[in-house]
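Everything on this sheet refers to the single structure shown next.
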Amino acid sequence: MSQADLRSAQNSAHDIGAARRIVTRLFEEAGLESPSLDARLLIGHALSLDHTALAIASDRALTQGERDTIAEFVARRLKGEPVARIVGEKEFWGLPFKLSPAALVPRPDTETLVEAALAAVDAGKRRDDRLMIADLGVGSGAILLALLHELPNAFGIGTDRSSEAIATARSNAAALGLSSRAAFAMMDFGAGLGGGFDIVVSNPPYIASADIASLSRDVREHDPRLALDGGADGLNAYRAIARQAPDLLRGDGAMIVEIGLGQAGDIRTIFETSGALEITASRDDLAGIARALTFRRRP
């Protein structure tokens, strides 16, 4: 659909309800996975209205400026830009996270990593203990800040190779009222971080370099390659983290990593051949795919 056709369609939408119907139809015709949801989120963002307000105001007339803004957002979505990138925010673990081009869009599957980390805490400690947490490759801060939200006396540090990602995570910590318990440092995973951590988490790059081109358009074109590319076999980051892990963890600490489809065996081997760690748990995501592995020191 041309830009002119898109604007013509939008100009026929005189009120909010009509705009939602038209945009939903356009997204359906484009084969998007969630046309109605995408339409609601983009129109709500264009008008600064939440879900309830949008429904109540269904008959409200749109100004030309509002129609133009909606048309711009729709055009971007039809070109493959994710809704979260357009609105600049994504919910994760029930919390809002601002995004930047330097950080991945937090995905529901990654909540499995948070669940696994909390299970590791529950296995030997109390959630109100004064825990030390490290997040290697912190990105937007979603994983670390979700854990700090659940662990009221914990302190966390997030590392990243991107200064822009660090700035994004720091901003999200402030917005969530967690700045006093969160610190951030620019480094390569845990190199030079020191030890004494009760929980170390990481969602590192795990896509093989040759597979980047086959990723969905919204990921391939809009997520940072630095956060996706795991090297020739997708496992380079795990090798680095496995070397660092023994120096990071306290005696009874746990290392929890997110993994990709079919990688569990190889990643278990990488960590266990380091000599210091052994696998203690594997957690599946909602699709039944192994998504998070937990390692602890050998007895």
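For all residues, glycine too, the Cβ spot is worked out from N, Cα and C.
Same-site candidate for S-adenosyl-L-methionine binding, as annotated by TrEMBL with G137, V138, G139, S140, G141, D160, N203, chosen from F189, F197: F189. Of all the Cβ atoms in the protein chains shown, 23 others lie within 10 Å of the Cβ of P205 (substrate binding site). Classification of P204 (substrate binding site) by DSSP places it in coil, neither helical nor stranded. With every protein chain in view, the residue among the binding-site residues G137, G139, G141, P204 whose Cβ has the most Cβ partners within 10 Å turns out to be G141.
According to its DSSP assignment, D160 (S-adenosyl-L-methionine binding site) is in a strand. Under 8 Å, Cβ to Cβ, and six or more positions away along its own chain, F189 (S-adenosyl-L-methionine binding site) finds L136, G137, T159, S202, P204, A237, A240, I241, Q244.
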